[in-house]
Amino acid sequence: MELLKILFNTCRTILILILLPNHLTKLQKNISRIRIIITLRQTILLYFNTFNINQHISLKLENTNLYIHNITIDYISTYLLLLTTILILCCIFLRKTTIYHSNKKLLLCLMIIRTILFSAFTTTNLLIFYILFESSIIPLIIIIGIWGSRKEKIRAIYYFLIYTIIGSLPLFLSILTIKNQLNTFNITTIQKERLERKRQIWLFSGLFLAFAIKTPLIPWHTWLPLAHVEAPATGSVLLAGILLKLGAYGFIRFTIPILPNTSKFLSPLIIILRILSLWSARLNSLRQNDIKRIIAYSSIAHMGIITAAIFSQNTIRKNGSLLLIIRHGLRRPALFILTSLLYERHKTRLIKNHQGTRLTTPILSTLTIIVRLAHMRTPGSINFIGEYMCLLGLWELHPTITLIRIIGILITTAYLLLLYIQTRRRKPQIYTNYKTHELSQNEIHRLLSLITPNILLGIIPYPILIKINIA
């Protein structure tokens, strides 16, 4: 199967990087780029090869009845695999002085996290998913610890670990309870069985808490803004673009299929709380003056929208949530890359110090406007399609909540326009250099690789929607 080839290719890349001497940094980067491009090609072939979709592979110990791993893949998994590959490739091409320090360690972290995520998005074994789910933070912690540029990075790591431990223990106990009752970790088998009704609320709480922290949802969100602020550009791209999707994927793949009745019973409460938390995140973002913190709180708000759509008993909203997951994975990394490019030029992320970028960096300013227009649900972006589907499905269930959500969208649009006026239309600072601040060709290509799919999928969403319905 093509998926196994991808996993073995990644393992070979890790082995090659380990064996290469530390001083051959250029060779290490070139090998990693070539391997990732090969993986991207294999993943695209996997997406278009209909016969590989919805297949299952079981790895069985010889002369026993013990299945050590179960692999399955559908179109939802394939989209996340494509997203992972594209973002890892962008991380390898990131040009920053801190990236070249300990280059080998960074590339190994990227390859390891790619292996972990590829396995997590395709496994149907609850225990293996738990191990991958928890181990996914290790490479990111290393990236923040080594390449984080501020003194608060150790505090950010502590917050990250504490919240992970809080969520991991209930998840592990829930998995053990399911194993004790059904004697299996296989999600396909678990879906066909009935769990004891009196335990379902507790099992749901354990699964929901772990995935809510990873997503993250309010009130388990305080680790995310701190982690984003302290992380380098590579860490922010990985965190916003890929790792947060593990929480949403856990809801889709495990929580709802294992406990469908409990999910349906609690879905109205979850939807109402997520809409209220959306307003909380918006208000928090209005109080920030650091661009990274603003993006982080906005990300929390959008993941709350996605979670509410996932738990709705409506096909339109569920399809819209998957479009929003893809959109979030493309647009958030683009915003963090734009922020890192501004930081490289001005050595600050404060909004007041980025005035007049329309004059100093016209190309960077134009690309930022395009990304923010997509953020404002402009027709022609995937955000518009996904948001429209979510609102359409929500209107059938809760018209009042839909109106509240629309007001939130209008406030977001007004705030983004105000932010544009503050940072683009005003006169530049006195110390700004007009000649050396424009984007390089490499930086433009890197940003276009994330912006272009967002626009194309907004104009032609049909191929995604038809495959999601099949899945």
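Heads up, residue numbers simply count up from 1 along the chain you see.
Using N, Cα and C of the backbone, Cβ positions are placed for all residues, glycine too.
Some features that TrEMBL has for this protein:
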type: DOMAIN; residues: 124-411; note: domain 'NADH:quinone oxidoreductase/Mrp antiporter transmembrane'
type: TRANSMEM; residues: 73-94; note: transmembrane segment
type: TRANSMEM; residues: 106-122; note: transmembrane segment
type: TRANSMEM; residues: 128-149; note: transmembrane segment
type: TRANSMEM; residues: 156-178; note: transmembrane segment
type: TRANSMEM; residues: 201-224; note: transmembrane segment
type: TRANSMEM; residues: 236-259; note: transmembrane segment
type: TRANSMEM; residues: 265-282; note: transmembrane segment
type: TRANSMEM; residues: 294-312; note: transmembrane segment
type: TRANSMEM; residues: 401-421; note: transmembrane segment
Contact call for the transmembrane segment (128-149) against the transmembrane segment (236-259), three or more Cβ pairs under 8 Å:
yes
Look at every Cβ pair spanning the transmembrane segment (294-312) and the transmembrane segment (156-178), keep those 6 or more apart in sequence, and say whether at least 3 of them are under 8 Å.
no
Counting only CB pairs under 8 A, let me know which of 156-178, 201-224, 236-259 has the most with the transmembrane segment (265-282).
201-224
Go through 73-94, 106-122, 156-178, 236-259, 401-421 and flag the stretch with the largest number of C-beta pairs under 8 Å relative to the transmembrane segment (201-224).
156-178
Is it the case that the transmembrane segment (73-94) and the transmembrane segment (156-178) touch, counting contact as three or more CB pairs under 8 Å in which the residues of each pair are 6 or more positions apart?
no
